[in-house]
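Participant: Feature list, courtesy of TrEMBL:
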type: DOMAIN; residues: 11-262; note: domain 'Lon N-terminal'
type: BINDING; residues: G421, P422, P423, G424, V425, G426, K427, T428; note: ATP binding site
type: DOMAIN; residues: 664-851; note: domain 'Lon proteolytic'
type: ACT_SITE; residues: S756; note: active site
type: ACT_SITE; residues: K799; note: active site
Amino acid sequence: MSTIQSVPSTLPVIPLDSKVLLPSVVTKVIVSGDAASYVSKTLKVARKDRSRQAAYVAVVPVCKSAGDKTLKANLDGAYFNKDGEEEKTIKTNKFTIKSKLVSDKNSSKSGVNLFHFGCAARVIQVEKSDNAKETVTLFLQGVCRFRINELNTSDGVLTANVTHYPETNEMHATEDDKEFGDVLLEFRSLSREFISKMKDLKLPGALLAQLAKVVDKSPPSQLANLLASVIETTFDEKLEMLESTDTRARLQRVNEWMTRQLHVLKITQQIQSNVDGKLDKKRREFYLRQQLNAIKEELGEKGDDASASGGDDDELTELKRKLDAAKLSKEAQTVADREMKRLKKLHPSSAEWSVVRTYLDVMADLPWSETSEDVIDIHRAREQLEADHYGLDTAKKRILEYLSVVKVKGDLKAPIICFVGPPGVGKTSLGKSIASATGRDFHRISLGGVRDEADIRGHRRTYVGAMPGLIIHGMRKSGVNNPVFLLDEIDKIVKTSHYGDPAAAMLEVLDPEQNSTFTDHYLNIPFDLSKVLFIATANSIDTIPAPLLDRMEVISLPGYTFDEKLHIAKTYLLPKQIREHGLTENQVCIADEVLLKIIENYTRESGVRNLERTIASIVRFKCVEWADLHEADSADTYNETVQVDDLENILGMQYFEKEIIQNEAIPGVVTGLAYSGSGNGGILMIEATHMPGEGKLQLTGSLGDVIKESAQIALAWVKSHAHALRLTNSPIENIADKRDVHIHFPAGAVSKDGPSAGIALTTALVSLFSGRCVPNTTAMTGEITLRGRVLPVGGIKEKVLSAHRAGIKKVILPARNRKDVSSDIPDSIKKSIEFVYVKNISEVLEAALVLDERGEKLRTPMVITRIESHL
Ligand SMILES: Nc1ncnc2c1ncn2[C@@H]1O[C@H](COP(=O)(O)OP(=O)(O)OP(=O)(O)O)[C@@H](O)[C@H]1O
């Protein structure tokens, strides 16, 4: 350690450009060229006095301009260039600061302004490199500050005569200097805080470790010098530190600077955390724009609304324009304004931004006040319905009534129409006709398989990817608030307990009293659906939830008869397909008998969808034929007529035989009538046989529980009335004794259920045990009770139509189904089928079973009642 006594009072000067070396601080000076030779000369002078252990130089800061604290010095031709590399290094427990020699060539000639204070420095190390351009690296350690008394130049080296101001090494303040004690206390705590926070100032870790070590061990004046070199201070402040000879004043100044720097650090950190240190370019821009906006607002220059999001200006302006054009309801407007405000505050790349943006888009697209012109012209509607559909008189009549009421009353607060019928009978196309007759937009919503309430009402916006439900989505798509909405397959809504009840959500939609304030979860504001004309379709009313059914007026569209199908094919389907294939009407000609063959042998359905498809294949075939011949220049050989014989070639083998599969009557075989859930009717063969066994009943043919129970009831009834029916010789004899009964329903892969086969099953068993046949042209349907009463069943029209198709001549029906026949069955069928209405099973047996060989009828159940009393 250098003592002040060892430092001479005359020292060679090394002027440092705009840098200040303080005692205890180590600096590295790299010079080359002329400056290096000056430094070498200086070092020689410094080492002249061999009695001293070390060489000392005077490091003096050079000021930019002259003042009363500067001394003019002529460096006598010596100058320093800018090659000096600046860096910080650590040496023992001292540290080096950036240093640079006077670099201005001109200043050396005109003389430089040296500060009147400087720092005596010990030369710790000198490194010379012998390359072309001589470079000298000096490590200097500040020892004590001095005041320059006089400057001299000898042999091109500037020397200064100085007065030293040695450092005080006291660690503590004396007891009577209370003021100094306070300053010292503050200095210590601040320096500790400062060093702990220095990491944030991005100072080298090694330097921090060094400072942390000396903070408590070094004398305060020495620490103050070190800190003053690290703290961000101006050159003038550093000069002030250099010239201050009072330790207390120096500590006070360092305290001030540390407080200032800590404060700046705090603010920077605060700003950093506000703005989020990792702001990418776009976010920073957004942040600044927000500030700009706030400033503009403050200045009352709000500017145009869209300026908030920069690049998204156009998008937001467009959105605002769309929202204005949508003429929202009052409630919607309030929400839209609020959301728009929010959107402007959000960052475009945030997830929330796109959520709000999509929401506003949906709002803007909804037809809040867009209405298409309503032209309910009953005459025109009638013409339209006639033009599009053959038959369906009841449905057409009801539709016209409905439209008349809407026209006269002016609102749609009438029950919603629901078309019920098997597939392909024209439910959807009737809906379309209504839309075109009234000049309204048509939108179809398929409800088949909808199992979640949210499908109807949408998801709340809190869900990721939430969207409006089917209704609001449909409104958005149709673009007007008075479209015709066809709610297709309303009977196929799935009732689940997990996701809410979608049918319950439909209640609000379909209730004319409530649907003016329909609230979708996503939209969360009421939307008026009262102008929408809802029409529902279903295949069967059985599965429509009761409260929904209650709000609808059911119009049945049962299947078509052969005659009706023929007519539809001739007048609607064939011309339509010819048109769609780009041919003219005289290019395809299908005679009635051919069409009938297609209807009977190639399609089996209640509606006409398959028929239409089959006709389309024929037209396609003719189209290819015509194109081939045309290419071969032999178009004149083209034959437009399709013959019955051609069908096999065009359509392949016929798919269906005529539905009566048995050609002769056999005991135990009966024709029942069935009705499937899809709305199709059909004939249902029942075959019963018996064999030696233990009286068991075996049932096969994919049967459900209800139909199995019907079979048990039938067998029980036959067993209990076997004697009355003269099937056994004694009332106590078991007819099924020692034999098993097997009942089979052919078409085993098709599942069957329901109670309507009850009378057919009973008849089959009686026929089996009595040996009397049921004619193969007789069919029957009806539920049976254990006491032999016959109860009514559903699907009469479909059943009768399928019976007609199958060539049945006699149909036995429950008496209470008579009204269905009179209202639903076309006259042509009524004429060709004999209907027998029955109240109990004895009437069924009388009507079904043939006479025996003696020409006698079977004993009727009327007798049975009397016999029962003898049992
Ligand atoms: N009475 C009819 N007159 C003319 N064309 C008809 C008639 N009935 C049905 N069609 C035609 O049959 C085709 C099928 O009809 P549509 O799609 O309306 O059946 P749907 O009853 O709605 O069937 P689904 O229940 O399967 O939806 C349509 O091309 C339609 O034009």
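The backbone N, Cα and C atoms fix where each Cβ goes, and this holds for glycine too.
Burial and contacts for the listed features, if you can.
Facilitator: Sequence-distant neighbours of G424 (ATP binding site) (same chain, six or more apart, CB under 8 Å from its CB) are E605, S606, G607, V608, R609, N610, E612, listed in sequence order.
In sequence order, G672, L673, A674, Y675, T781, G782, E783, V793, G794, G795 constitute the residues six or more apart from S756 (active site) in its chain with CB-CB distances below 8 Å.
Here the Cβ of K799 (active site) has 30 other Cβ atoms within 10 Å, regardless of which shown protein chain they belong to.
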Participant: I need the CA-to-CA distance for G421 (ATP binding site) versus K799 (active site), whole Å please.
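Facilitator: That separation, Cα to Cα, works out to 13 Å.
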Participant: At 10 angstroms around each C-beta, which of the binding-site residues G421, P422, P423, G426 has the fewest other C-beta atoms nearby?
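Facilitator: If we count Cβ atoms within 10 Å for the binding-site residues G421, P422, P423, G426, the smallest count is at P423.
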Participant: What's the CA to CA span in angstrom from G426 (ATP binding site) over to K799 (active site)?
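Facilitator: Cα of G426 (ATP binding site) to Cα of K799 (active site) measures 19 Å after rounding.
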Participant: Spatially, which candidate from the binding-site residues P422, P423, V425, T428 is nearest to K799 (active site), comparing Cα atoms?
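Facilitator: Given the candidates P422, P423, V425, T428, the nearest one is P422.
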Participant: Can you check how the pLDDT averages out over the domain 'Lon proteolytic' (664-851)?
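Facilitator: On average, pLDDT over the domain 'Lon proteolytic' (664-851) sits at 88.
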Participant: Only counting partners 6 or more residues apart, tell me which same-chain residues put their Cβ under 8 Å from the Cβ of T428 (ATP binding site).
Facilitator: R444, L486, D488, T537
Participant: Give the subset of the recorded positions P422, S756, K799 lying near ligand 1, defined as CB under 6 A from any of its atoms.
Facilitator: none
Participant: I'd like the Cβ neighbour count for K427 (ATP binding site), meaning other Cβ atoms within 10 Å of its Cβ, all protein chains included.
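Facilitator: Summing over all protein chains shown, K427 (ATP binding site) has 27 other Cβ atoms within 10 Å.
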Participant: Using DSSP, would you call G426 (ATP binding site) helix, strand or coil?
Facilitator: coil
